[in-house]
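Notes follow the structure.
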Protein chains: 2
Amino acid sequence: MLIEDRLKELRDKINAKVPAGITISQVEFEGPELVIYTDEPKKFADQEDLIKVLARDLRKRIVVRPTILEDPETAVTKINAVVPENAGISDIFFDPDTGEVLIEAEKPGVVIGKNGATLREITKNTCWTPKVVRTPPIESSTVKQVRQYLRSIKDERKAFLRTIGRRIHRDVIAKDHWVRVTTLGCCREVGRAAFLLTTPESKILIDCGEKPGSATSTPYLYVPEISPLSSVDAVVLTHAHLDHCALVPLLFKYGYDGPVYSTPPTRDLAALLQLDYLDVVKKDAGRQPYTSNEVKEYLKHSITLNYGSVTDIAPDIKLTFHNAGHILGSAVAHFHVGDGLYNIAFTGDFNYQKTRLFSPAVSSFPRLEAVFMESTYGGSRDLQPPREEAENKLYEVVNRTIEREGKVIIPAFAVGRSQEVMLALEEGMRKEKIPKVKVYLDGMIKEATAIHTTYPEYLNTDLRNQIFRDGLNPFLAECFVQVDSSELREKVIGGEPCVIVTTSGMLSGGPVMEYLYALAPDERNTLIFVGYQADGTFGRRLQKGWREIPMGNRETLVVKLDIETVDGFSGHSDRKQLMNFVHHLQPRPEKIFTIHGDEGSTIDLASSIYKRYRIETRSPMNLETYRMV
Amino acid sequence: MLIEDRLKELRDKINAKVPAGITISQVEFEGPELVIYTDEPKKFADQEDLIKVLARDLRKRIVVRPTILEDPETAVTKINAVVPENAGISDIFFDPDTGEVLIEAEKPGVVIGKNGATLREITKNTCWTPKVVRTPPIESSTVKQVRQYLRSIKDERKAFLRTIGRRIHRDVIAKDHWVRVTTLGCCREVGRAAFLLTTPESKILIDCGEKPGSATSTPYLYVPEISPLSSVDAVVLTHAHLDHCALVPLLFKYGYDGPVYSTPPTRDLAALLQLDYLDVVKKDAGRQPYTSNEVKEYLKHSITLNYGSVTDIAPDIKLTFHNAGHILGSAVAHFHVGDGLYNIAFTGDFNYQKTRLFSPAVSSFPRLEAVFMESTYGGSRDLQPPREEAENKLYEVVNRTIEREGKVIIPAFAVGRSQEVMLALEEGMRKEKIPKVKVYLDGMIKEATAIHTTYPEYLNTDLRNQIFRDGLNPFLAECFVQVDSSELREKVIGGEPCVIVTTSGMLSGGPVMEYLYALAPDERNTLIFVGYQADGTFGRRLQKGWREIPMGNRETLVVKLDIETVDGFSGHSDRKQLMNFVHHLQPRPEKIFTIHGDEGSTIDLASSIYKRYRIETRSPMNLETYRMV
Ligand SMILES: [Zn+2]
Ligand SMILES: [Zn+2]
Ligand SMILES: [Zn+2]
Ligand SMILES: [Zn+2]
Ligand SMILES: [Zn+2]
């Protein structure tokens, strides 16, 4: 059927269901959604169940928009006129994708007004649908810039969403029924995640990352399965770590022109980390695989979905993200193929234990036949101490160092581990397990933390409650001090005993090096590794016992500071949690593929799962294709 | 390096090695060969080891051709003038691909002359290199037509071979090293054989067959792995059965324009069976997937290789055919990838026991890491009686039928099984195990038999010796009578007790039906099944016990004739022979993939091989890709 006929048919169906007095001016696919344009969005909204009924009957995600939206500049003036000044509006963000206006305010209640009276006034005056959020406690320049950028290209983006919408809702023409997965990277290795899910109708690329420590190893993007890139329907990002998202912008350079689906925090963190990746490559005098222009292309083509939202991303494929517990916004990507034909989940990286920031990964799905699961700690001896034990060891080392008037350096990745360590330190001080010293944050950590506080709904309930109900935002604790100048860095180095949390996590550059050079000769200080140190990194060498650092000019720096490793802050499930995850999978899948781990770990995990649960397992190699059904 | 520079370099190397007095006029890649053009082909030929040395040093297949070849018409006159008339020349065939002239004669010795004097005379007079073969005892019109056709397009073909030659010898540019196999059909099923062997540099398609009994099931030629078809470097045919070659002409319709490698008998049998396939489809009122024009395209692009000849077919792939013992010209295709990177064999269909026609399949290879092996009789209970037992049962049934004055109908495939049965019957009569009755051959059997006698070097040594040394060509035994008219068919039906060997093998049409309708009502007659009757065929129904044949007009024919099944004439290895083959594989491969069998058989065989030999096995599904290295 022609897409125009299809839209007309949908419009007729909708007209038949809406009560008299509501006029439908237009019906259009925009991205994965069916948008109903009406002159009476408020009347529509009053019919509380109407949208739900339409969504169920038409089997589409429905969005209702006013036919005419007030011009944003005028709307701002009108909103400011209606909302009392003491609301403390800090930002107003118009999202033309959704027809919503996001109002950030110190006091959301004042913006809402008595029984929502102020909100209704805003709708009446501007036609935009207002959403109110508390002003994030720490402002993220990334989030601000991403929003500004998307606003600046709103017309182009609308056209893009319509094109994609029509493509998603095209007719299914193939007669064959099969589902295949091709491994383009990340098999029997950690890094360059890239998996291609294909049906006779559609092609979906899941992740497209770099291989850390190997500038030349990209996923196998040149094989015919994925050529030309314009034949790919959608890219789906599980999370923002570079081994999963670094090369997404490259796809646009090579001809991809479709959507990239992720959660909202993943979109913002990915852009932040991609830009940082370009910086690091440049500093290493490497060839940048793409420029910030392609990062913009990525943002232009990004479509965000929240956990649990079932979304058409191809004529025969629905995607749902579920919490993966690994980092902010990390998701298990669940695909429902065909009309009940097949269900397959890609875990991305996941943590099956509760952490200070996140709930454990979701392990229940409406349906499930196959799982591609990470195996970073899949080896039978890859056990991590419990989080509490790890924290106690951290406290112990910090106490010992501060007592002897030393300073603690904790190298950490900006996203994930840093925030976990911050929360542990904050609670340690609040509960008087460690002395109340300053915790200096250097590198990208502050910005990453700010993004965390922009998306409180992606943190676990305890932390969210602590922040909003108890008003105790641990990220805002006064112990934390951002270091944003060389002068301050020097002051820190010459100052009181303290803790310094800084990037890079594996001592491969970044501000941590300055601290290390300055603090290494003093045996009172301590360097604490809280994360995995990859082979070949400077961090690994120190961990193995090197005690001399070549400084150029034939000088060497003798390392005298204490070096400690505290395991247990990992964002990954350890072996026991991986097995536990499989044990709790609902429903029990037919097949499990172990990926994202070294050869030994993936094979060991695959064979242990088979032995214990009698589920068919595979430890695939790169460049293989498996038939699911 | 540019191909012209490469050729110049080769020419310099050759010039450095040839003795003074031999001028090299040109060096050119033609198909897989490096052709050296010289004005003194005879001088070249006198240096016996020269070609061998060049082949070894340059690592190329070397062919030497005269710069100027006599025009074929003039050459014929000159040859006839030189060769004494009593040689009985029956055909002269010029092969411009090789610069050879094939002289068929009743008395080859007379053409050769004393110590080869006549041959030398021919070379001197015509510049063509003469090869002499005995006039085939039965003339094959297929072979004749194929040769005529190739002669008629010799200029076009020369251009094609040069293009392919340059393509084969292009520089290897990829830096990655991997070898993959994608299954496009014939997995967990019998039929539509099609496997894609790929490296970063090259794509080779092995077989491209139909699925018998399912007009719509073709190999998965639409998937991106093999798109566009013009990206395929070579098609390799294991043998001429339609489940392996029927859709090769279709490839040319869809844009393939490269070579198709096979043994010479496979080329001729394939063309014969493809044309017959088109006829059968037409009679079934089905849509012909291609026309005889595409069969011609196939022939135009065919390149024949004999067993044991190691041949470059892509910049990084060498192909060698080895006897597979299944039908005339059937081959195990062995691929050597890279410079010692990987070796993989596709068995095609094979027989690991000696038969009356063929030697057992080859099981030793210079190197071998992986095998894709057929599993038609791979189930643990798929045992066949020994050939002798099968023949005795055949004799017994024939004796019983002839004694009671009945006629025997043996439905059989034209290629393979028919000839085995013919030889068994001939020996049975010669050794007086059965009475000397006429054996009528109807359908394509005579033509297929003629092709067998054209290629005696593809028969086993015993049979070849019997034909040439002992002058006892069993195919020429007087018991065999070709039926080529309806009148004769009626005479046979109304005549003396006899044996009728005729197509089709599964009673799905063909002359066998006429015999059956006429002879079914008489209980003295016997129908003997010597081959597998597929589900859904009329043969299977009779085998299962049906005794009424609907004849249209509400009439039914009551079947009274005796129905017998004689197992053991199969051209496939049975379960025991399959295991035996694996046992004797030299060297022992790392991986075995079981294909070309129903799901149960392939899985059973794979798991039995693993259990007994601890070789990694897989029973792949269609549309999967396996990484070899
Ligand atoms: Zn990660
Ligand atoms: Zn990862
Ligand atoms: Zn675009
Ligand atoms: Zn066969
Ligand atoms: Zn076959």
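First residue shown is number 1, and so on along the chain.
Including glycine, each Cβ sits where the backbone N, Cα and C put it.
Because TrEMBL annotations are produced automatically, they should be read as predictions rather than curated entries.
Matching A:His326, A:His334, A:His336 to the Zn(2+) 1 binding residues that TrEMBL gives (A:His239, A:His241, A:Asp349) identifies A:His326. Among the binding-site residues A:His239, A:His241, A:Asp243, A:His326, A:Asp349, the ones whose Cβ sits under 6 Å from an atom of ligand 2 are, in sequence order, A:His241, A:Asp243, A:Asp349. Counting in whole angstrom, A:His596 (Zn(2+) 2 binding site) lies 8 from A:Asp349 (Zn(2+) 1 binding site) by their C-alpha atoms.
Look at A:His241 (Zn(2+) 1 binding site): DSSP puts it in coil.
Report note: the Zn(2+) 1 site is defined by A:His239, A:His241, A:His326, A:Asp349, and the residues of the same chain whose CB lies within 8 Å of the CB centroid of those residues, excluding them, are A:Thr238, A:Ala240, A:His244, A:Ala324, A:Ile327, A:Ser330, A:Gly348, A:Phe350, A:Gly416, A:Gly571.
Ligand 1 lies under 6 Å from the Cβ of A:His241, A:Asp349, out of the binding-site residues A:His241, A:Asp349, A:His596. Under 8 Å, Cβ to Cβ, and six or more positions away along its own chain, A:His239 (Zn(2+) 1 binding site) finds A:Cys245, A:Ser262, A:Thr266, A:Leu269, A:Ala324, A:His326, A:Ile327, A:Gly329, A:Ser330, A:Ala331, A:Gly348, A:Asp349.
Within the same chain, residues at least 6 positions away in sequence whose Cβ sits under 8 Å from that of A:His241 (Zn(2+) 1 binding site) are A:Gly209, A:Leu273, A:Ile327, A:Asp349, A:Val415, A:Gly416. Cβ neighbours of A:Asp243 (Zn(2+) 2 binding site) (same chain, under 8 Å, six or more residues apart in sequence): A:Cys186, A:Val190, A:Gly191, A:Arg192, A:Ala193, A:Gly209, A:Glu210, A:Lys211, A:Pro212.
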